[in-house]
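Quick look at what TrEMBL lists:
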{"type": "ACT_SITE", "residues": "H61", "note": "active site, proton acceptor"}
{"type": "BINDING", "residues": "P159", "note": "substrate binding site"}
{"type": "BINDING", "residues": "H189", "note": "heme b binding site"}
{"type": "BINDING", "residues": "T190, D242, T245, D250", "note": "Ca(2+) 2 binding site"}
{"type": "DOMAIN", "residues": "20-322", "note": "domain 'Plant heme peroxidase family profile'"}
{"type": "SIGNAL", "residues": "1-19", "note": "signal peptide"}
{"type": "SITE", "residues": "R57", "note": "site 'Transition state stabilizer'"}
Amino acid sequence: MAVPILLLLLFFSIPFSESKLSEDYYKQTCPDFQKIVRETVTIKQAGQPVTAAGTLRLFFHDCMVEGCDASVFIASNHVNKAERDADINQSLSGDAFEVVVRAKTALELTCPGIVSCADILAEATRDLVTMVGGPFYPVKLGRKDGQVSLASKVDANLPKTNQTMDEIIKLFADKGFTIEEMVALTGGHTIGFSHCKEFTDRLFHYSPTTPTDPVMNPRFAEGLKKTCANYTTNPAMSAFNDVITPGKFDNIYYQNLKRGLGLLSSDHALVKDPRTMPLVELYSKNQEAFFKAFGHAMEKLGHHEIKTGQQGEVRRRCDAFNTIQA
C-alpha cells in the first residue's frame, strides 16, 4: 500500500490549478493554436526585433502581479486604474502588447472564444525567446484570463532597480522562487534595453564626491553619459542591457557583470552578493547551465498563481473583461 499512498501524496502536493494544465490543451478545440502563434510572432519579430525582449518583460510583469492571467492587458476606465497604467508598467513594450493582440485576433477567427490571452502570452514568450537564440522549454496550457486588474497591486510585486539584494531575494522568495531561479530569470536582461532614468543615478549622482559609480567600466560609463545626456527632457532615451550582444539570448550578460558592464544597480548587485555571485560565475562560464536554469524558472513562473476553470474567463478582447466590472 505504501507506493499508492506515496503517489497520492505527490498528486496532492501539486496545486490543483496547475494540474489542469497540459501542453496539448487545445489539441481538440483549437488544433492550429501553436502554428498561429508561431507564425504571428515570427512576422512581428522580423519587422520589430525588440519584440522578443519586450514580450519577455511583459510576461514577467504579468505573472509577478496576481499570477499569469493577462491582467496587465486590461485598459483602465473611469472606475478602475488597471495594472497597465501603474508607473512601473508605463515603459512596457507596445510591440509586446501588439503581438499578443495580433495572435488573439487570428485565433478568434479560427476558434472563437477558446484561447485565453494568458496562454497566448506564455506561448509567444517561449517562441520569441527561442527565436533569438534562447532555450526551448515546454509551455503547459489551460490558463484562464483574470477578472481583476488593479494598478495599486503592481508596485509591491515587482523588483526595482534600486532595491537591495536582500529586498529582491525576499520579494522572489515570498512568491516561492529560489535565489538560483531569481538569478536565472534576471538573465533575461541578456536581451532588450532599459530607459536612462533607471540607471542615471549611477552615471551622474552616485555620491556627493563621486558622480559616477566607480565599479562601472569607465569607457562604458562615458558612452552611457553621452547616450543619456538629455534623459530629463527625452524620457524615451535608453541603452541596451547587454552592450555586447543585445539582440541575442546568451550568457554574455553574466560575463558583462564581471567586467563592470552591468547597466542597472540591481544587475551589479548580483556580482557583489556572496549568495548570488557563485551563480553569476557559473552562468558566465556555462551557457548550458544558464539555459537549463532559465527554462526551469520560466516554466515555474508560467504556473505562478494561474487561474483555471471558473477562476477566470477567456476574454473576447485582451484589453477588456467580458463583463463590465462595477
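Cβ coordinates come from backbone N, Cα and C, glycine included.
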Of the recorded positions listed as H61, D242, T245, the one whose CA lies nearest the CA of the residue listed as 'substrate binding site': H61
Cα-nearest neighbour of D242 (Ca(2+) 2 binding site) within the listed recorded positions, R57, H61, H189: H189
Other residues, Cβ within 8 Å of T190, D242, T245, D250 Cβ centroid (Ca(2+) 2 site): I191, I244, P246, K248, F249, N251, I252, Y253
Least buried by Cβ count (within 10 Å) of the binding-site residues D242, D250: D250
Recorded positions (R57, H189), the one with most neighbouring Cβ atoms at 10 Å: H189
Binding-site residues near R57 (site 'Transition state stabilizer'), in sequence order, restricted to H189, T190, T245, D250 and a 10 Å Cα cut-off: H189
Distance [Cα-Cα, Å, rounded] between T245 (Ca(2+) 2 binding site) and the residue listed as 'heme b binding site': 11
Cα-Cα distance linking D250 (Ca(2+) 2 binding site) and H189 (heme b binding site), given in Å to the nearest integer: 10
Between D250 (Ca(2+) 2 binding site) and H61 (active site, proton acceptor), the C-alpha gap once rounded to whole angstrom: 21
Reported mean pLDDT - the domain 'Plant heme peroxidase family profile' (20-322): 96
Cα separation, T190 (Ca(2+) 2 binding site) to the residue listed as 'active site, proton acceptor' (Å, whole number): 17
Spatial neighbours of T190 (Ca(2+) 2 binding site) that are distant in sequence (at least 6 apart) but have CB under 8 A: N241, D242, T245, K248, F249, D250, N251, I252, Y253
